[in-house]
Amino acid sequence: LDGLMKEFVMTCCSSEEAREQRRINREIEKQLQRDKRNARRELKLLLLGTGESGKSTFIKQMKIIHGSGYSDEDKRGLIRVVFQNIFMAMQAMIRAMDTLKVPYGDPSNEEKAVIIRAIDYESVTTFEEPYVSYIRDLWNDKGILEVYDRRRDYLSDIDRISQPNYLPTEQDILRVRVPTTGIIEYPFDLEQIIFRMVDVGGQRSERRKWIHCFENVTSIMFLVALSEYDQVLVECDNENRMEESKALFRTIITYPWFQNSSVILFLNKKDLLEEKIMTSHLVDYFPEYDGPPRDAIAAREFILKTFVDLNPDADKIIYSHFTCATDTENIRFVFAAVRDTILQHNLKEYNLV
């Protein structure tokens, strides 16, 4: 009898253990299913393009439009960078004065230019006299005004920026230039789906770091600076920036990793193109252009076609938008369209139907 009882108890225990194990297995399976479902509700957007195409500015806009924006502490952290950008911008114009042999309207500004040019802008932490006055005088010089470009965005605001209580505005933050090194990820939640935007360094030396970003990419967002048609690379001063951008785009859209990723082309800096095209003719850099001179619409449509024509897959649609990354309302409107495009492509995958 004792033996039978022992066997009965052991059988019961074994049965209990088996039931418990099955329960645990079911819980694990449910959790795995939940994890899989949650993973599917995250979209990975890879932001690509050559250096200075506007990728980091686009990320900043996403933070302003769909994120928490910039706190006063964030803004205080960027004051030094704004100051450095002012010195960098003025030094670039002083160099342009020398290269183009443009004389200063006021000869006394030449000495001020020598002083400003000698400053190591990367070590700048304050913006004080006499440098504020020197840069203001140079900015108002007729010679400097001949060679200026969009650097006026900061230089027109020297009086505001030089105030002791200066705090960068959102527009200041959007315009501040800090080259991206390495990889920056910015996740934001839209309609219960996480959009994980990944910005990688655009310079050639940074591209070898991209490789581990290639898995599970929902969409490629490729930025082109429309205004770079007459510029050369930072890394190689005899190579046209737009040709480099085209070469990178061709490589990206033919990568096997991206066969199932939608491709969205942002032709950025349309505002700069509109200014530049009036004096710098597209045909001088792209002889195949046969459109009218000084026509920004014709120029940007030509540039768009040169990129779309690089697509070897007739069945793959290249979605395109003309943008100005520093214009928050423009980016808000464009990204709403982009979001709809991405979600339409992934309705079943992301449990939206």
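Cβ atoms here come from the backbone N, Cα and C positions, even for glycine.
TrEMBL has this to say about the protein:
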{"type": "BINDING", "residues": "52-57, 174-180, 199-203, 268-271, ALA325", "note": "GTP binding site"}
{"type": "BINDING", "residues": "SER56, THR180", "note": "Mg(2+) binding site"}
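DSSP assigns ASP271 (GTP binding site) to a helix in the three-state reduction. Around the Cβ of ARG177 (GTP binding site), a 10 Å sphere holds 15 further Cβ atoms from the protein chains shown. Taking a C-beta cut-off of under 8 Å and a sequence gap of six or more, ASP271 (GTP binding site) has these contacts in its own chain: CYS324, THR326, ASP327. Note: the Cα of ASN268 (GTP binding site) and the Cα of SER56 (Mg(2+) binding site) are spaced 12 Å from each other. Counting only same-chain residues six or more apart in sequence, the Cβ atoms lying under 8 angstroms from the Cβ of LEU174 (GTP binding site) belong to THR57, LYS60, GLN61, ILE64, ALA325, THR326, THR328.
Set side by side, the binding-site residues SER56, ASN268 differ in how many other CB atoms lie within 10 angstroms of their CB, and the most is found at ASN268. The distance from the Cα of SER56 (Mg(2+) binding site) to the Cα of ARG177 (GTP binding site) comes to 9 Å. Cβ neighbour density within 10 Å is lowest for GLU52 among the binding-site residues GLU52, LYS55.
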